[in-house]
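Features as listed in TrEMBL:
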type     : residues : note
COMPBIAS : 507-517  : compositional bias 'Basic and acidic residues'
DOMAIN   : 29-485   : domain 'Major facilitator superfamily (MFS) profile'
REGION   : 496-517  : region 'Disordered'
TRANSMEM : 32-56    : transmembrane segment
TRANSMEM : 76-97    : transmembrane segment
TRANSMEM : 104-127  : transmembrane segment
TRANSMEM : 133-154  : transmembrane segment
TRANSMEM : 166-189  : transmembrane segment
TRANSMEM : 195-216  : transmembrane segment
TRANSMEM : 265-289  : transmembrane segment
TRANSMEM : 309-328  : transmembrane segment
TRANSMEM : 348-367  : transmembrane segment
TRANSMEM : 373-394  : transmembrane segment
TRANSMEM : 406-432  : transmembrane segment
TRANSMEM : 461-480  : transmembrane segment
Amino acid sequence: MVIGCFGCCSRTGYDSIGNTGPRFGVRHLQCILVFFGLAVAYAMRVNLSVAIVAMTDCNGTNPDFPEFDWNESTKSYLLSSFFWGYVVTQVPGGYLSAIFGAKYMLLTGVFVCSCLAMLTPFCALLGGWKLLVVLRAAQGLCQGVIFPSTHTFLSKWAPAEERGRLVGYCYSGSQFGTVVMLSVSGYIASSPLGWPSIFYISGCAGLLWCIIWFFLCASTPAQHATITPNERRYIETSGQLRRASDAGREEFQPRSNLRTPWLRILTSLPFLSLLLAHCANNWGFWTLLTQIPTFLKNVLGMDIKHNGPLSALPYFAMILLTCGFIWLSDLLKRRGTSMSLSFSRKLFNSLGLWLPMLALIGLGFITKGEASAKLVIGLLTLAVATNAASYLGFHVNHMDLSPNFAGTLMGITNCAANVMSILAPLIVGLIVKDEVSHSLFNPVLANPSLCLQTNPTQWRIVFYFTAFVYFIGNLVFIVFGRTSVQAWNNPSSAQQSRTLQADSGEGEERARLIDDS
């Protein structure tokens, strides 16, 4: 029996299963590395939002370290400054990763961001909050390339048949990093290591990942030294029209030879529906995460923001449901359902946007009371967790539409979506009138309760409006979204096709003239 089991395995140790590639291959190792890369990136992204509590109140954590006298307005600038740089490098990140390779763009982004994270305590002591704002904006510039580069990377490594699964697992790393940072930062700040170690530990984790990534990763299967011919063939030939973006193609046609068809992308109805879905998702997602704590505190009288594990609960639930939705998708495929790729994307996108929409509508009916506060936390956790289904929806649709320009598409949509993340709390401030502050809010675990927003009727308008945004975003995606590779994915081939057709037409015309003569 043991001999029979080992007989299934190739000499490389992989368990090959017909034409579906090895059960665990190099592509899975690459995705594991991406998972931890996104984890350390998000840990560095949220570390200040947790550490700033200890930095401004050392008596509550560890009095042996410096304390800063920053008011709430200063804190809001510090917490939002990351996104000032983050939105700038989205589109360039996707474009450059396709030219120079996603491996090196991810490596550069995480490496520089890790170095800056380790410099954070020094900059805070040397230049105060102003220098720290500059440093956080620089970190945002570095991390702006990460999501677009990840999409470029996965468009080369994820076979079409496994695309949703691998993308879901990879991007759940962002929630994993957030959960870990929120859960342990309070203990680190209270320990003899103090709040500076929050930045040192996250920075060192990033540098360690960079070393592993450099030696074990390759931008494409063709460039990986240990991938088997069987697995490489499976990746390069899988799915619909992937040949134009396959790894081996770089050997014959460099990516720089493909000119980005900006006008055709920006006028493509399937892409515009994807853009709207991404913006609607971020609007609702960050409204939930930044405004529900304010609603709980000022309307229901419950403060959860200084409770790290409770703050991490929605992210932890999102990780679990990501695995659950991936399992459901695989189950539907294994049972032989005739579910098309388009139906699958739209089904899971509907779960990811319309279930949170229903939770928001439910929030509008909640009144004050201890049981109500627990219900709000439950609805918040459910809304954030079910949003994980969108990883199998719009989140992977960039690769469906254009494997060649997936990173560029992600850069465009993520840039616009993060602008929505910044605008959403500001719109809340315009709707909820009983307030005394007008500071910018941070879209990631910021401190938005700078004011007393206590009118439940006005909050009901916020919830219903956000639910409407969710509804419209997904409805447009259902109607106009597509999963087929678009014609502008390979503009050079389209041009060659038109040239061949023209040449063929001229040849037929000459033959007709000869026959006539």
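Backbone N, Cα and C atoms are what each Cβ position is placed from, and that goes for glycine too.
These numbers come from a predicted model, not from an experiment.
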Query raised in the report: Out of 133-154, 166-189, 309-328, 348-367, 461-480, which stretch has the largest tally of CB pairs under 8 angstroms to the transmembrane segment (373-394)?
Result: 348-367
Query raised in the report: Considering only Cβ pairs under 8 Å, which range in 76-97, 195-216, 309-328, 406-432 makes the most contacts with the transmembrane segment (104-127)?
Result: 195-216
Report summary line: Most Cβ pairs under 8 Å to the transmembrane segment (348-367), of 166-189, 309-328, 406-432, 461-480, goes to 461-480
**Report entry** Residues from the same chain, set at least six apart from the ends of the transmembrane segment (309-328), whose C-beta lies under 8 A from its own
**Finding:** 164-165, 168-169, 171-172, 175-176, 178-179, 182-183, 288-289, 293, 348, 351, 377, 380-389, 391-392, 445
Report task. Could you name the stretch, out of 76-97, 195-216, 406-432, with the greatest number of CB pairs under 8 A to the transmembrane segment (133-154)? Result -> 76-97
Query - Proximity of the transmembrane segment (406-432) to the transmembrane segment (166-189), 3+ C-beta pairs under 8 angstroms - result: no
Report summary line: Sequence-distant residues near the transmembrane segment (195-216) by C-beta distance (under 8 Å, 6 or more away from its ends) are 29, 33, 36-37, 40-41, 43-44, 47, 50-51, 54-55, 58, 61-62, 65, 103, 106-107, 110-111, 113-118, 120-121, 181, 185, 188-189
**Report entry** Integer average pLDDT (0 to 100) for the domain 'Major facilitator superfamily (MFS) profile' (29-485)
**Finding:** 83
